[in-house]
Amino acid sequence: MENPFDDTYFMKKALQEAELAFEMGEVPVGAVVVIDNRIIGRGHNLVERLKDVTAHAEMQAITAASNFLGGKYLHNCTLYVTLEPCQMCAGALYWSQISKVVYGAADLERGFNVMGTQLHPKTEIFGGVLENEASELLKRFFIQRRNLN
Ligand SMILES: [Zn+2]
């Protein structure tokens, strides 16, 4: 039997978080942290709402997951995020020693890859899951924002 809890399944959950950000007028990025096929942290971008540049989706999801686990390390966890993490989030993921990071769309301007930031050597990285859905949502957001101005 096929495992229904695959990368696509959880990336859809991250996309639902991104939709919440979109509805709030935030750049639509969403993230979930998963352990044993269970979501233990969710987050979406809240930079405008909180007036806080550190309020990226990944940071919210990491904090929620750590609170859930009662520990700072996210061993055996996977973070699903709709957009390639930035340097700051890659740094936080580094400190968490998370086992796996799966992202949707690549961020060729401000993603950790182009910035030359390394994740933890223990962290497995996988990109491009539902990347079209993630980048369509971002495009839709920026077109709408341009039309409002
Ligand atoms: Zn970030």
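Just so you know, glycine gets a Cβ as well, placed from its N, Cα and C.
Per TrEMBL, these features apply:
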- 5-115: domain 'CMP/dCMP-type deaminase' (DOMAIN)
- H56, C86, C89: Zn(2+) binding site (BINDING)
- E58: active site, proton donor (ACT_SITE)
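Within the same chain, the residues at least 6 positions away from E58 (active site, proton donor) whose Cβ sits under 8 Å from its Cβ are A31, G43, L79, V81, P85, C89, A92, L93, listed in sequence order. What surrounds the Zn(2+) site, by Cβ distance within 8 Å of the Cβ centroid and not counting H56, C86, C89, is the set A57, E58, M59, P85, Q87, M88, A90, A92 from the same chain. Each of the binding-site residues C86, C89 was scored by other CB atoms within 10 A of its CB, and the lowest score goes to C86. Taking the domain 'CMP/dCMP-type deaminase' (5-115) as a whole, pLDDT averages 97 in the prediction. Sequence-distant neighbours of H56 (Zn(2+) binding site) (same chain, 6+ apart, CB under 8 A from its CB) are V29, G43, N45, V47, P85, C86, M88, C89.
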